[in-house]
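Here is the structure we will look at.
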């Protein structure tokens, strides 16, 4: 229950108590008057009590409070006329009590928007006072009116009037205090509610931002996953590095919405190591260029030595240009990412773009790096194995050729040996024949 409602109920309780006290003095005089007089004296308070009971039920209703404020002076006027003889003067004390009730019309209809009802109730109260002056009393001329026309009764009525005035005054102050307190409470409640709403709004905005961030993160993760799958599919289309490198770099450039991409491989021969441009793609066309970068040279060589990615939104002057239909222009964003295999950098990707790359673009290139490094390492291992097989086969062929040559040489040596032995035998035979002939001549 609000404080304003308590004030209204207090007003109703005040009038109810006042209505209950009215018939008490009459009980002692009922036997002294006629039946009509007694009926009037007892009926008026009864009607007053009935009136207050009905009005109190509607005290929280604007119309009920209007009836309360306008009806009380009218009931008191009717009660006063029922006690007055036709030629009898008005009781000053009773008149003052009736006049004091007009204050209540102003008290109980002081809410915002009730001005017309307040004015109507006050006019009604003043009209009841005027009617009391204009009309004659209704009481019988034989009625004894001395019971309320004496100094004690007048002082009692004056006391009641003063009580009404003081009660109205303090009730008015209390009402304004209650209204002020209520307004402060409402203001505090409104401020607390506003803070709660702001807090809830802040929490809701934070939650919405978290949901949007999570949704954005999921979308980026899905995009990275799909991009990696497409690039892996490109790697699976060929058996060796030379057959997939051009298609891979072109697809990588499209996946990150860049303008130019370069693939570098780390080459090594004997004790020499360098970085060689393997494939280049820019503006939807393959570029055929040859480029060799020494270890530690430029940003690519630096990325190889450090083994970390390089992300630049300010590209060094004359570092590179991107050719387009409008001519050559310097990129606004540069990304260099080394591809590792077994803790060794064996390749690097360089992406250049006219617009800044986002986090998901960088993540995509980083994630595909393992696949590229594994593919390139597998290609090199396969190429190395093929080279070993080729060399082995060549060595076997040479050995077979040498074996054939050796066998042929052996066969020739055997033939030569046999021929030599044959000649020796022939020579010996010839010697023997010559010796026999010589002995015969002797």
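Any Cβ shown, glycine's included, is placed from N, Cα and C.
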When TrEMBL is consulted, the range among 12-29, 84-101 described as transmembrane segment turns out to be 12-29
According to TrEMBL, which listed range is transmembrane segment: 116-135, 176-195? 116-135
Among 155-172, 209-226, TrEMBL marks as transmembrane the stretch 155-172
